[in-house]
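In case it's useful when we look at the structure, here is the feature table from TrEMBL:
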type: DOMAIN; residues: J:13-76; note: domain 'V-ATPase proteolipid subunit C-like'
type: SITE; residues: J:E63; note: site 'Reversibly protonated during proton transport'
type: TRANSMEM; residues: J:53-79; note: transmembrane segment
14 protein chains.
Amino acid sequence: MDSMTLIAIVSILAAGLTISVGVIGPALGEGKAVATALTSLAQQPDASATITRTLFVGLAIIESLAIYCFVVSMILIFANPFWNHVIAQAAGK
Amino acid sequence: MDSMTLIAIVSILAAGLTISVGVIGPALGEGKAVATALTSLAQQPDASATITRTLFVGLAIIESLAIYCFVVSMILIFANPFWNHVIAQAAGK
Amino acid sequence: MDSMTLIAIVSILAAGLTISVGVIGPALGEGKAVATALTSLAQQPDASATITRTLFVGLAIIESLAIYCFVVSMILIFANPFWNHVIAQAAGK
Amino acid sequence: MDSMTLIAIVSILAAGLTISVGVIGPALGEGKAVATALTSLAQQPDASATITRTLFVGLAIIESLAIYCFVVSMILIFANPFWNHVIAQAAGK
Amino acid sequence: MDSMTLIAIVSILAAGLTISVGVIGPALGEGKAVATALTSLAQQPDASATITRTLFVGLAIIESLAIYCFVVSMILIFANPFWNHVIAQAAGK
Amino acid sequence: MDSMTLIAIVSILAAGLTISVGVIGPALGEGKAVATALTSLAQQPDASATITRTLFVGLAIIESLAIYCFVVSMILIFANPFWNHVIAQAAGK
Amino acid sequence: MDSMTLIAIVSILAAGLTISVGVIGPALGEGKAVATALTSLAQQPDASATITRTLFVGLAIIESLAIYCFVVSMILIFANPFWNHVIAQAAGK
Amino acid sequence: MDSMTLIAIVSILAAGLTISVGVIGPALGEGKAVATALTSLAQQPDASATITRTLFVGLAIIESLAIYCFVVSMILIFANPFWNHVIAQAAGK
Amino acid sequence: MDSMTLIAIVSILAAGLTISVGVIGPALGEGKAVATALTSLAQQPDASATITRTLFVGLAIIESLAIYCFVVSMILIFANPFWNHVIAQAAGK
Amino acid sequence: MDSMTLIAIVSILAAGLTISVGVIGPALGEGKAVATALTSLAQQPDASATITRTLFVGLAIIESLAIYCFVVSMILIFANPFWNHVIAQAAGK
Amino acid sequence: MDSMTLIAIVSILAAGLTISVGVIGPALGEGKAVATALTSLAQQPDASATITRTLFVGLAIIESLAIYCFVVSMILIFANPFWNHVIAQAAGK
Amino acid sequence: MDSMTLIAIVSILAAGLTISVGVIGPALGEGKAVATALTSLAQQPDASATITRTLFVGLAIIESLAIYCFVVSMILIFANPFWNHVIAQAAGK
Amino acid sequence: MDSMTLIAIVSILAAGLTISVGVIGPALGEGKAVATALTSLAQQPDASATITRTLFVGLAIIESLAIYCFVVSMILIFANPFWNHVIAQAAGK
Amino acid sequence: MDSMTLIAIVSILAAGLTISVGVIGPALGEGKAVATALTSLAQQPDASATITRTLFVGLAIIESLAIYCFVVSMILIFANPFWNHVIAQAAGK
């Protein structure tokens, strides 16, 4: 197993794990937030504007956590500095 | 075990794990959201338009988390840059 | 162990794990959704049309998560690009 | 250990795991759905037709998740393309 | 370790695991269903016919999940195609 | 380690695991069912006949799940086809 | 390590695990049943005969699950067919 | 490592695990039973005789589960048939 | 590694595990029992004699479970028959 | 495997794990905070200013925890001092 | 690795594990007991003497479980019979 | 693998684990604190000053726990005494 | 790896584990106790003296559990008899 | 791998684990305490002085548990007696 193969393997594995493990928390958090929003809307339809606005801000902040994971996952697949270094090294060899 | 085989193995495993682990969170979150929507509808049928709209926006946002996982899984199977590089390298050899 | 065997083994294992782990979340989510629908129906039989419609849309969205897993599982068994490549390579050898 | 043995072993293990792990979720989900149906029936016997119909649709959808696992498990035992390929290869040898 | 022994070992292990892991979910689901049926009967003795009927249909559907596991377990012990193939191969040798 | 020893070891281990893991679910499910039956009896002593009957049917169905595990466990110890085959093979050698 | 030692080791380990893991479920289930019986007795002292009778039947059925494990554990220590076979084989050697 | 040492090691480990894992369930179950008994006594001091009697019968049955584990643990330490066989064999050698 | 060292190592490890794992259950059970006793005392100070007596009997029974573990742990450290046998064997050698 | 490859592999793996594990807690915490904010808004629309302000301060503090993880993850990918040292060493060699 | 080192290593590890794992249960149990005592005191300040006395007896009994672990841990560090034996053996050698 | 590489690897891994595992607790704790603050504000808007003040003190104390982890993580990456020692040793060699 | 190094490694690891695992239980227990104390104070401010006194006695007893772990951890780092013995042995060699 | 490297590796790993695992409990405990304080303040603003005082004493005691972990972590990094001994030994060599 040469360096290139090893780095490729680990990158693939890490990319998959990062996004799959990383969405568990946000998914549960967003599910809870949406669920409470619906309860609140049913309980107090008059406050619908405030509730919807707060919900969307909250969802955006929680979604940002999943985006961090997606960004890291994409970096590991398409802009991996370690991989680039090894490729450059192999090309220059 | 040559490089190509190893990368193929890890890609297969990672693709499967990514999507299967990645849907656990969204599935639970969506189940909770849908369940609360139904409770709210039964409690306040008049607010049905607002509740349904908020539910669908919420489901779309939670679904997006599973889509991230599906995208990464598909990339690992059909557009894997590491695999392409190894194939190209093997062909050019 | 040659390349072909290894890829076959990993594909079998990944296919089984993907679908079995992947239905846990949707099954729990759908069970929760159906259960709440029944409670809501008993509580507010007049809203039965809206509740049933919302339930079926919700179930469809949650089911889609399990479908993603099933699709990946089927791809790994019957349309595995890595396996096809190895077979082609072995045939052309 | 030759290729055939290895693929057989992994197929057996994967088939068993797929169905046993795969029924946990649906069983819990269905148990929850049936339980709520019974509560609802006791609470609102007049809505019995709607409740029973919705329950059966829900159970069918959740059951489908377990069927996916059973199908994959059966494919791995009786229609395994990797096994067929190895057998054919061994026969043609 | 020859092929036959290995396949026998894995079949034994998989058969045991399949049925033991596979009954956990159904047992919990059925326990919940029966428990709620009893509560409902105590609450609404007049609906006893509908409740009992719905309970038995529900139990049958959940039991079917355990039956899938039992079937796979029996297949692995008494009608294992991989074992049969190895035995036939050994006999024909 | 010859074939016979290996199959014996795995059979012992699998038999023990099958029954011990397999009774966890049924035990919890039955405990829940019995507990609810007692609550229901205290709440509605008049429905005692229906409750007791439903309880016993339910317990029988849940017990059947543990019986499956016990049967598989006994088969693995006393009627193990793989062991019989190895013994026959060793005797005929 | 000869065959006899290996089978002895695995039998000891399996016997211990079978009974220790196997009593967890029944113990929790019985604890729940007894606890509810006490609550019910305090709530409805007049139904004491029915409650006590149902409790004892329930405990007997749950206890039977632990007995299965104890039986398997005793068989593995004192009437182990695999051990008997190896001893007989060693004696006849 | 000779046979005697291996069997001694496994016996020690199994004895410790059997009793330590085996008391978890009974301890929780008894704690629950005692706790409910106290609640019931506070709620219905007049039924004190029935409650105490039912509690002691229940505790005895749950304790029996721990006794099974203790018995197996003691058998493994002081009356281990496998150990006795190896000692006898070593002495007669 | 000679026999004596191995048995010593395993005895130390098993002794520690037995008591540490074995007190988890009793500690939680006793905590629950004591807690409920306090609630009951606050609710029904007049039944204080019965409650205290039942509590102490209950604690004694739960404590007995931890005592079993302690006894096994002490036996493994100070009266280990396997260790004694090895020491005697080494001395007589 | 030379030093450079090893450090690259571990950095990739650690970067992925850090962010994916690190967002689980914040996501759940934020989901809980947003959910309670919505309930509070529905209950007390007049306090909307105070509630929204407190929510945003709280979310910022919880988000900061995820930011720590993201920072560490980015440092490990793009500003890894260990990697830089090895590269410098390799270049200067 | 000679006998002495191995026994020292295992003793250190076991001592640490015994006390750290062993305080989890008692800590949770005592926390629950103290918490309920405080609730009871707030609810029924007149029964303060009985409550405090029962609490302290209860805490003492639960504390005894942690003391068992501490005693075993101390024995393993400072009065380890296996270590003493090895030291004596090494000195007398 | 020389000393330097090993220490670098372990430092990277430990730094990532420390911060990612270390924020789980604080994130959940802060989420709970913020959530309760919002409930309290909605319930008692007049006590808003005291509640906000207590909340911020509490958040600061919980945040300090995450800061400890972040500090240790930074020390392991940028001020690692073990790494510095090895580098110094390598430079002076 | 010589004896000294091995004992040092295990001591470091055990010291860290002992204190980190050992504070989980006490922290949760104390959090519960403090939380209930605050609820009780809000409910019955007149009993503040008794509540505070009982709380501090309770916290002291729970804290003692963590102190046991800290003591063992410190002994393992600074007064480790096994380490001292090895150092003495190495010095006297 | 020489002694120095090994001790450095284990110290780094243990330091990271100690603080990250060790803050989980205190963080949850403090979160619970702060949350209850806020509820109590909203419920009984008049008792604010007593509540705040009790909260801070409680937080200090729980924080002390995390401080123990931080102290051990710092000792392992900056004042590690085992490391110092090895360095001294290496210097004096």
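Note: Cβ is positioned from N, Cα and C throughout, glycine not excepted.
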Helix, strand or coil by DSSP: which one applies to J:E63 (site 'Reversibly protonated during proton transport')?
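Note: J:E63 (site 'Reversibly protonated during proton transport') is helical by DSSP.
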My understanding is the cutoff is Cβ-Cβ under 8 Å with a sequence separation of 6 or more in the same chain; which residues meet that for J:E63 (site 'Reversibly protonated during proton transport')?
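For J:E63 (site 'Reversibly protonated during proton transport'), the qualifying residues are J:P26, J:E30.
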Under an 8 Å Cβ to Cβ limit, what residues of the same chain, 6 or more beyond the ends of the transmembrane segment (J:53-79), are close to it?
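Answer is 11-12, 14-16, 18-19, 21-23, 25-27, 29-30, 33-34, 37.
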Tell me, what is the mean pLDDT of the domain 'V-ATPase proteolipid subunit C-like' (J:13-76)?
92
Please spell out the DSSP helix, strand and coil residue counts for the domain 'V-ATPase proteolipid subunit C-like' (J:13-76).
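Across the domain 'V-ATPase proteolipid subunit C-like' (J:13-76), DSSP assigns the residues as follows: 62 helix, 0 strand, 2 coil.
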